[in-house]
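Listed features, source TrEMBL:
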- 1-14: compositional bias 'Polar residues' (COMPBIAS)
- 1-60: region 'Disordered' (REGION)
- 22-35: compositional bias 'Low complexity' (COMPBIAS)
- 48-60: compositional bias 'Basic and acidic residues' (COMPBIAS)
- 86-523: domain 'Major facilitator superfamily (MFS) profile' (DOMAIN)
- 121-140: transmembrane segment (TRANSMEM)
- 152-171: transmembrane segment (TRANSMEM)
- 177-198: transmembrane segment (TRANSMEM)
- 210-235: transmembrane segment (TRANSMEM)
- 241-260: transmembrane segment (TRANSMEM)
- 318-337: transmembrane segment (TRANSMEM)
- 357-377: transmembrane segment (TRANSMEM)
- 398-418: transmembrane segment (TRANSMEM)
- 430-452: transmembrane segment (TRANSMEM)
- 496-518: transmembrane segment (TRANSMEM)
Amino acid sequence: MSEPNGSSASNHASTPFGDKQSSGVEGLLGEALGVSHDEGLAATGREAGGREKTVTPRDDGKVELKEEDAWEELGFCYPTWKKWTILTIIFLVQTSMNFNTSLYSNGLEGISSEFGVSMQAARAGAAIFLVTYAFGCELWAPWSEEFGRKPILQLSLGLVNIWCLPVALAPNFATLMVGRALGGLSSAGGSVTLGMIADIFEPDEQQYAVAYIVFSSVGGSILGPIIGGFVQAYLDWRWTIWIQLIFGGFVQILHLVFVPETRTTILLDRIAKKRRESGLSPNVYGPNELDPFLKRFTFKELIWTWVRPFRMFLTEPIVLTLSLLSGFSDALIFMQIQSFALVYNQWGFSTVQLGLSFIPIGVGYIIAWLSFIPAIRRNKKERLDKPGDEHAQYESRLWWLLYTAPCLPIGLIIFAWTSGGPPTHWIGTMIGSAIIGIANYAIYMATIDYMICAYGPYAASATGGNGWSRDFLAGVLTVPATPFYTNIGGQHHLEIASTILFCISLVLVAAVYAVYYYGPTLRKRSPFAESLASAVTSEDHGQPRRRISRLPSGEIGFEGYQHRHAEHGHHARHSAEGVSG
């Protein structure tokens with residue numbers, strides 16, 4: 001069919017919506033689909049500036065729907081109020097998960113008395129939850145990237161709530177331990193909740209959201225002992241579990257009702273299905289629809305998907321370095337917190353007062369959170385001013401950490417030498433705790449922000465390593481923490497134990513500066529991150545891509561990972577050719 005005014009057939013564009021004439025149909029198609037004129041342009045395979053986009057169908061005639069074809073319908077284009085409503089509910093979800101890790105400790109005396117076990121044995125219930133929680137974060141994360149955030153998070157929340165029941169009703173200590181272990185393993189944790197940020201915010205916009213969710217993570221850990229002090233003083237130990245169940249059930253209902261699916265590949269599948277059903281786009285398919293589950297996931301690929309976060313932790317220098325930095329800093333702080341009962345008993349603190357002594361750490365978290373607001377503003381300006389500077393795009397996110405990380409050794413040494421009891425006033429220890437809180441928040445915030453930026457659609461797997469190291473190290477140190485503080489240093493055992501932690505923290509602070517200045521080298525030696533960065537900066541007929549929703553299936557599986565390790569120097573060019581979105 002010839003076009004008016006003698007236009008040649010070359011003006012036709014092969015698109016996901018069939019062979020459409022490129023002259024004058026864009027607006028009509030936009031109206032038919034109920035989208036804007038610019039979206040109509042995208043739908044017909046034409047950029048808003050009038051440039052043609054080449055869309056090549058597969059051998060079976062099917063065409064993959066990509067992000068640029070449905071941009072306005074994805075999470076990145078949600079209105080601000082909707083994004084922050086989602087984030088606020090995720091804030092509560094994350095708070096509840098970390099609340100579960102800490103509230104149990106206020107039931108130790110009751111557990112020890114009822115089941116006839118030592119206090120050290122009772123602490124194993126806290127340790128096993130943290131250790132299995134560490135593995136749970138890693139195991140749930142990649143499935144949220146394949147099947148969607150909402151069903152995975154709902155399943156996780158439901159299982160965590162179910163496993164509260166055998167603990168709350170435990171007739172013996174063994175039942176309690178099994179319930180705690182399964183509850184920890186069922187916790188998806190921050191790897192999934194933080195991954196959702198990458199679903200609805202582009203890298204240049206995500207930092208305020210990351211700061212918000214990180215606050216819920218660290219804040220939930222101290223909310224447990226604050227509330228737990230009152231529970232321990234006035235209620236039976238089993239109420240530490242019932243309260244977890246009540247809180248967990250409440251946030252699960254909120255999440256079910258108000259939080260939509262955000263994972264881009266899942267949304268593209270749904271959009272493609274709706275467009276096929278409309279009859280306007282009979283050949284368009286979502287990324288997961290083109291490769292059915294049984295084809296995408298052979299047994300080897302199923303195992304690979306599950307071990308992806310662990311493999312990234314071990315083989316991606318970025319993930320390994322930042323995760324160990326964050327994990328060891330959190331472990332030091334966790335050990336210091338375990339000394340609170342020993343320290344404040346010297347001043348005759350009651351159970352409730354001991355719980356309230358965690359408030360200064362929360363004050364430190366708030367100060368750190370607020371301090372990141374101008375730091376983020378400065379960082380955004382630097383990235384805009386230097387669009388081609390990789391250090392500005394990535395390592396600049398760690399800039400404020402250069403000034404806040406030293407708060408860790410400063411706070412530890414202040415706490416150490418004000419913890420000897422009367423006549424020294426207890427306020428000194430709380431000032432030290434607040435300063436430590438600033439460092440803990442800052443280290444977690446900055447490392448997570450950097451990793452989400454570097455790993456985008458695979459942020460859940462990448463940040464899983466960060467969460468794993470924090471929870472695993474905290475878990476394994478739960479049982480030896482109290483003996484460490486009581487059996488070292490003689491008369492000044494409390495002061496000397498915290499001083500040892502201070503010395504270790506100096507090494508961690510040095511690592512912060514090393515990552516900031518040598519980050520580009522780490523990224524170049526991280527093949528997965530390098531592949532993603534190359535895909536994002538690749539050009540599609542002269543036009544930069546906004547971002548990507550995933551690497552091609554051949555690049556994220558077992559063979560793909562082996563290939564990147566063998567030839568990741570050349571992979572940057574080849575992976576970009578098949579990247580979706």
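Here the Cβ of each residue, glycine as well, is placed from N, Cα and C on the backbone.
Annotations in TrEMBL come from automatic prediction, not curation.
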Contact set, same chain, for the transmembrane segment (152-171): CB under 8 Å, 6 or more residues outside the stretch:
93, 97, 100, 136, 140, 143-144, 178-180, 182-183, 186-188, 192-193, 238, 241-242, 244-245, 248-249, 251-252, 255-256
Using a Cβ cut-off under 8 Å, which residues of the same chain at least 6 positions beyond either end of the transmembrane segment (241-260) come close to it?
85-86, 89-90, 92-93, 95-96, 99-100, 103-104, 107, 150, 153-154, 157-158, 160-161, 164-165, 167-168, 227, 231
Take the transmembrane segment (210-235) and find every residue of the same chain, 6 or more past its ends, with a Cβ under 8 Å from one of its Cβ atoms.
87, 90-92, 94-107, 109-110, 190, 193-194, 197, 243, 350-356, 358-359, 361-362, 365-366, 369, 372-373, 376, 437, 440-441, 444-445, 448-449, 452
Near the transmembrane segment (121-140), which same-chain residues lie under 8 Å Cβ to Cβ, leaving out any that are not at least 6 residues past its ends?
97, 100-101, 104-105, 108, 111-112, 115, 152, 156, 173, 176-177, 180-192, 306, 309-310, 313, 464-465, 467-472, 474-476, 478-479, 482
Intrachain neighbours beyond the transmembrane segment (177-198), with Cβ under 8 angstroms and 6 or more residues off its ends:
86-87, 90, 93-94, 97, 100-101, 104, 124-126, 128-141, 144-145, 149, 152-153, 156-157, 159-160, 162-167, 170, 206, 209-210, 213-214, 217, 262, 309, 448, 452, 455-457, 459-461, 463-464, 466-467, 471
What average pLDDT does the predicted model assign to the domain 'Major facilitator superfamily (MFS) profile' (86-523)?
90
